[in-house]
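Here is the structure we will look at, set down as structure tokens.
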Amino acid sequence: MTISPPEREAKVRVTVDTDPVPTSFEKWGKPGHFSRSLARGPKTTTWIWNLHADAHDFDSHTSDLEDVSRKIFSAHFGHLAIIFVWLSGAYFHGAKFSNYEAWLADPTGIKPSAQVVWPVLGQGILNGDMGGGFHGIQITSGLFQLWRASGITNEYQLYCTAIGGLVMAALMMFAGWFHYHKKAPKLEWFQNVESMMNHHLAGLLGLGCLSWAGHQIHVSLPINKLLDSGVAPEDIPLPHEFLFNKSLMAELYPSFAKGLTPFFTLNWGEYADFLTFKGGLNPVTGGLWLSDTAHHHLALAVLFIVAGHMYRTNWGIGHSMKEILEAHKDPLIIGGEGHKGLYEALTTSWHAQLAINLAMLGSLSIIVAHHMYAMPPYPYIATDYPTQLSLFTHHMWIGGFLIVGAGAHGAIFMVRDYDPAKNVNNVLDRVIRHRDAIISHLNWVCIFLGFHSFGLYVHNDTLRALGRPQDMFSDTGIQLQPIFAQWVQNLHSLAPGNTAPNALASVSPIFGGDVLAVGGKVAMMPMTLGTADFMVHHIHAFTIHVTALILLKGVLYARNSRLIPDKSELGFRFPCDGPGRGGTCQVSGWDHVFLGLFWMYNSLSIVIFHFSWKMQSDVWGTVDPDGTVSHITYGNFAQSAVTINGWLRDFLWAQASNVITSYGSELSAYGLLFLGAHFIWAFSLMFLFSGRGYWQELIESIVWAHNKLKVAPAIQPRALSITQGRAVGVAHYLLGGIVTTWAFFLARIIAVG
């Protein structure tokens, strides 16, 4: 950290332009108003594709960085408005169409539902029996559990929140318009990273955590404590009563009677009755202790608020981003000019900034997926198996898409924003200069992992086919135990009293300990890892490395390669390097993203299959009064998942029976979706396995027929370009694949869970 005399630093100011862009519905009503060529209107059918491709590509509208920044800033408000409308809709469904109050009274006996189908064509069959006389569609979003944890005790509160969401959406819409058309920030405001870091860390994250901790302490904790002890929701005081009536709170948490005295006299331990460090899960609800999570958010709030005072603005004290980056160099690891030049790259390229943020947020989403099942954060979510499976799958896929997006915007940065003159011998330049070594080594790793991990399965299938189980890799044959993972599990289970001396229990029974049963179902129990997990883990390693190889190659070779030295002149997406140069197709940055999407999907399919089967086999199930656990698939993972045939027969085929035989039941919609999504997936292959010329010839013969009948269109039909065809192909491939998996998973887990 440095302290500098204030006069040396440029002052942080909020500077805006007033009325920079007129509000003109007439202009916006004209399709393609943002592009001179598109505004002329369609000559061929390609126009509609270009309209969609370029509508949000602000770089193509203008080269003025300030205007691009304002458009992105304004679009963020629009995005937030959509999110608020979407959330409001979810809360409204909870208020109007759900059995939330019935579920709250009996969360282990009643299934959550927030949608009732109108029987127009006999779809009434889809309204399954949720218990308590309610018929509807079972939901798996985890919202009921979240609402319970928030302290929502009736549907009227959900109505109020839904209306609040719409008010916020309107506010966001107004803000988006206001900050583009009325008072638009100047470029210097967007580029002031120290002020941005301070406000985002202290404001968004710090005060965000603090307000959530405050809500948890003053509203969630007392309401959940009463619910856990069996008080009926309608008998619990309303949130404002807990806020303003100290004696009500003091009955539940005695330290409330002392007010703020312990805080100001530094006797913070007095508050340990509601800010706990118990560890483990609440045996009543199977979720994390809410007093632990309140403590956690309070601690995070303190950290982030402190972090929000780290960067130097108008007071001459604190860190400077540029100085930090330019000081990052050492001869051993970083080398050369280190991070010099990155400050300029990140303050002039939104693509560079976005690539980093997408990579981080995508990784975070994947980490969240894994934490949410191992340490269930909300009451009764652990025993709601369909919700656990859905949330894991959802966060994995979101993370995968965001990481591929990071590769996309990294490549766009290289093509559109990278300036070689400003990156001489810094880390970026040095990575690009030894890209051949990076990519060839990564390729070797992929080949090694692929052949060896797949080879283990081929070996096992062969020996099982030949009737030699003792020579297979399995827990009962040749063992390949995941010793490092088992060591980490053991480390976690031994932490209380050792490395975590104040914790009463380890973070979750999943690492070791006793079975935690809630309502006769397993909420969480130790997960034994064995040879089958070791093998599929290396398949994960293989597919993740291939995805990384494709995306990284796309970024590092986005500007040029030995094959096409002038790639940056061709742009981010181009089909081939012109006629007369064979073997130059599928080399653009865009094509790497296209291929990366398939491997991301491939990779995550195996992850969610592994999770689904492992949990059904070794964790989820029923618990008898004598403590006997019966798992859903009776622990068949360890022996079946070591062969390819086992995966096909005992997972895909055996568990697809629920969706395939769903006709005539409330799960029949999943049966229809399963078939329909297979169709969409197959439809994608028509775009992926065909040539443009074939379609152009076909179109021309159809146009000839139209001319004969004198009904020729004014807009000339054109076959999709190579890139357009690929975009349509990958979109339908992923949509079909994801919906197929969704239908397969939900029909299965709702039937058995």
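In case you wondered, yes, glycine gets a Cβ from its N, Cα and C as well.
Feature annotations, reproduced from Swiss-Prot:
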TRANSMEM  72-95  transmembrane segment
TRANSMEM  158-181  transmembrane segment
TRANSMEM  197-221  transmembrane segment
TRANSMEM  293-311  transmembrane segment
TRANSMEM  350-373  transmembrane segment
TRANSMEM  389-415  transmembrane segment
TRANSMEM  437-459  transmembrane segment
TRANSMEM  534-552  transmembrane segment
BINDING   CYS576, CYS585  [4Fe-4S] cluster binding site
TRANSMEM  592-613  transmembrane segment
TRANSMEM  667-689  transmembrane segment
BINDING   HIS678  chlorophyll a' binding site
BINDING   MET686, TYR694  chlorophyll a binding site
BINDING   TRP695  phylloquinone binding site
TRANSMEM  727-747  transmembrane segment
Worksheet item: Can you check what DSSP calls MET686 (chlorophyll a binding site), collapsed to helix, strand or coil?
Response: helix
Item to complete: Mind checking which of TYR694, TRP695 has the fewest other CB atoms within 10 A of its CB? They're the binding-site residues.
Response: TYR694
Fill in: MET686 (chlorophyll a binding site) versus binding-site residues CYS576, HIS678, TRP695 - nearest by Cα
TRP695
Worksheet item: For CYS585 ([4Fe-4S] cluster binding site), what is the secondary structure state per DSSP, taken as helix, strand or coil?
Response: coil
Discussion item. Quick test of the contact rule: Cβ under 8 Å, at least six residues beyond the ends. What residues does that give for the transmembrane segment (534-552)?
Written reply: 403-404, 406-407, 410, 438-439, 442-443, 445-446, 449-450, 452-454, 456-457, 473, 480-482, 485, 592-593, 595-596, 599-600, 602-603, 606-607, 610, 641-642
Worksheet, complete the sentence: Mapped onto three states, the DSSP assignment of CYS576 ([4Fe-4S] cluster binding site) reads coil
Worksheet item: Cα-Cα separation of TRP695 (phylloquinone binding site) and CYS576 ([4Fe-4S] cluster binding site), in Å?
Response: 19
Worksheet item: Which residues of the same chain, at least 6 past either end of the transmembrane segment (667-689), have a Cβ under 8 Å from a Cβ in it?
Response: 123, 125-126, 128, 658-661, 720, 725-726, 728-733, 735-740, 742-744, 746-747, 750-751
Discussion item. Cβ atoms within 10 Å, counted per site: which of CYS576, CYS585, MET686 has the most, among these binding-site residues?
Written reply: CYS576
Item to complete: Give me the stretch from 72-95, 197-221, 437-459 with the greatest number of Cβ pairs under 8 Å to the transmembrane segment (158-181).
Response: 72-95
Item to complete: Any same-chain residues 6+ apart from HIS678 (chlorophyll a' binding site) with CB under 8 Å of its CB? Would you list them in sequence order, or say none?
Response: GLY736, THR740
Discussion item. Please report the distance from the Cα of CYS585 ([4Fe-4S] cluster binding site) to the Cα of TYR694 (chlorophyll a binding site), rounded to the nearest angstrom.
Written reply: 18
Discussion item. I'm trying to understand the geometry here, so how far is the Cα atom of TYR694 (chlorophyll a binding site) from the Cα atom of CYS576 ([4Fe-4S] cluster binding site), in Å to the nearest whole number?
Written reply: 18
